[in-house]
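As given in Swiss-Prot:
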MOD_RES   Thr187  FMN phosphoryl threonine
TRANSMEM  20-40  transmembrane segment
TRANSMEM  42-62  transmembrane segment
TRANSMEM  78-109  transmembrane segment
TRANSMEM  123-143  transmembrane segment
TRANSMEM  148-168  transmembrane segment
TRANSMEM  214-234  transmembrane segment
TRANSMEM  242-262  transmembrane segment
TRANSMEM  267-287  transmembrane segment
TRANSMEM  301-321  transmembrane segment
TRANSMEM  322-342  transmembrane segment
Amino acid sequence: MVFRIASSPYTHNQRQTSRIMLLVLLAAVPGIAAQLWFFGWGTLVQILLASVSALLAEALVLKLRKQSVAATLKDNSALLTGLLLAVSIPPLAPWWMVVLGTVFAVIIAKQLYGGLGQNPFNPAMIGYVVLLISFPVQMTSWLPPHEIAVNIPGFIDAIQVIFSGHTASGGDMNTLRLGIDGISQATPLDTFKTSVRAGHSVEQIMQYPIYSGILAGAGWQWVNLAWLAGGLWLLWQKAIRWHIPLSFLVTLALCATLGWLFSPETLAAPQIHLLSGATMLGAFFILTDPVTASTTNRGRLIFGALAGLLVWLIRSFGGYPDGVAFAVLLANITVPLIDYYTRPRVYGHRKG
């Protein structure tokens, strides 16, 4: 008798896929709420734009391929791709950026490979990286969290800035990015990297308003804790497994601690790494993508650890302040190799 060995994914039950995607969308609510609270209504506008763009792009491709549009859209994967991209970009980024990134993610990074289950790279992170490389200024223009912001635009102002670049009173991104010290604010990771390169001491950097949080950066620590809460709920629901988040966070914390102990004057402390940027979003919502992550338990541990190491290396020595998106995509490349060497041994066969 001959058995055919198929490549992953080994199961593709649409109802099960739809349920898992829905659970992930629900788990994202705390993180979305935190970003709305600290950065204003722009996040919600970006989510709406990305969701509509993702659904339309997927429907268009399915129509061209003469596949069932309604049945495929019900798996909620397009919505999740749009959501992950929307919460990763600055809340007041121009409308066309999130549309461009989402369409690229769905059509090029997902459907071009054959659709859900066939794409080797995380589509949302492909879209994010394309935008970051193409439009670095806009993609790094985050607002200061409301704790240290001079102005937080309301819902109408957020819409006007996203679609026209100005508020009703004539304010632009330069004025909206001002902090309480009158200086344009960046993210904690971006501020740290820029200030170290400018020759500032870590002691000086930690006095900046952006680091006024209890544990890490103002606002960002609570956003990360909110994503952590959603991620723990996913674990409780058994929608994801613990291997990737744990190995990712442990490796990132270990590397950050060792680096900080050996070079405290140039490298960020571990709590800055763990509670800033897209750390918790990446650990629980992006790296755990069942299509692009390793499929064995040992492989998941290696995959998560590799991503954690890459995030620390990029943040500490690379040209970009965060690095989660690049780390995810680089780790995605290694998945076939990891799965090959960590696949379970067939019972009755000798090792090797």
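Cβ coordinates come from backbone N, Cα and C, glycine included.
Sequence-distant residue pairs (6 or more apart) of the transmembrane segment (148-168) and the transmembrane segment (20-40) include at least 3 whose Cβ atoms are under 8 Å, placing the two stretches in contact.
With a cut-off of 8 Å between CB atoms and residues at least 6 apart in sequence, the same chain places Thr140, Trp142, Ile210, Gly217, Trp220, Ser276, Gly277, Pro321, Asp322 near Thr187 (FMN phosphoryl threonine), listed in sequence order. Packing against the transmembrane segment (301-321) from elsewhere in the chain are residues 132, 140, 186-187, 189-190, 192-194, 243-252, 255-256, 259, 267-268, 273, 277, 279, 282-283, 287, 293-294, 327-328, 330-331, 334-335, 338, 342: each is 6 or more residues past its ends and has a CB under 8 Å from a CB in it. Listed as Cβ neighbours of the transmembrane segment (20-40) (distance under 8 Å, sequence separation of 6 or more from its ends, same chain) are residues 47, 75-77, 79-80, 83, 87, 91-92, 142-143, 145-147, 152-154, 158, 219-220, 222-223, 225-227, 229-231, 233-234, 237, 239, 280-281, 284-285, 290. Against the transmembrane segment (123-143), the recorded stretches 42-62, 78-109, 214-234, 242-262, 322-342 differ in Cβ pairs under 8 Å, and the greatest number is found for 78-109. Long-range neighbours of the transmembrane segment (42-62) within the same chain, counting only residues 6 or more positions beyond its ends whose Cβ lies under 8 Å from a Cβ of the stretch, are 32, 35-36, 68-69, 72-73, 78-79, 81-83, 85-87, 89-93, 95, 98-99, 101-103, 105-107, 110-111, 143, 153, 158-159, 161-162.
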